[in-house]
Every structure is written in structure tokens, then in C-alpha cells.
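Working notes, beginning with the structure itself.
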Amino acid sequence: TFAGLVLLFVVCYASESEEKEFPKEMLSSIFAVDNDFKQEERDCAGYMRECKEKLCCSGYVRSSRWKWCVLPAPWRR
């Protein structure tokens, strides 16, 4: 029975780990930018755009959690 409990723990832990990554994956796919549909190339990243290599455009800040450019707000410090 101990082996069964260990197996149950491992399965539950793996499932929980996948659930933590799901929101990030879902949001990334929703806001993903397809390069074919870009009208112009910019030197900065706009609202809800990924900002790994580019800096955020004026008026936006980089979200520490999602690594996207978002509007500045008091709770995002």
C-alpha cells in the first residue's frame, strides 16, 4: 500500500505541475503574434507583446510574471 501512495503522490504532483503551466501556455497562444500579419516592424514592443529582446514602447512596462508589455499600475511594481 505504501508503493501505491507514493505512486498516487507522483501522479498528483505531475498533474499539478502541468496545471500551473497551462495558464501561461494558453495566454501565450492567445496573444501570439504571427509575423505574416505584422503591418510594420517596430523597435519596441506594444501592449501584450512579448518583450524578450525588444524594449516596451513608451507608456508600457514589462510584466515580471508574463514577460509581456503591459500598462503600468500601482500593483505592478
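Yeah, the Cβs are placed from backbone N, Cα and C, and that goes for glycine too.
Now, the feature entries from Swiss-Prot:
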type	residues	note
SIGNAL	1-14	signal peptide
DISULFID	Cys44-Cys57	disulfide bond
DISULFID	Cys56-Cys69	disulfide bond
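Structure coloured by features recorded in Swiss-Prot.
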{"residue": "Cys44", "record": "disulfide bond", "DSSP class": "strand"}
{"residue": "Cys56", "record": "disulfide bond", "DSSP class": "strand"}
{"residue": "Cys69", "record": "disulfide bond", "DSSP class": "strand"}
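Shown are the disulfide-bonded residues Cys44, Cys56, Cys57, Cys69; the one with the most C-beta atoms within 10 angstroms of its own C-beta is Cys69.
Between the CA atoms of Cys57 (disulfide bond) and Cys69 (disulfide bond) there is a gap of 8 Å, rounded to the nearest whole number.
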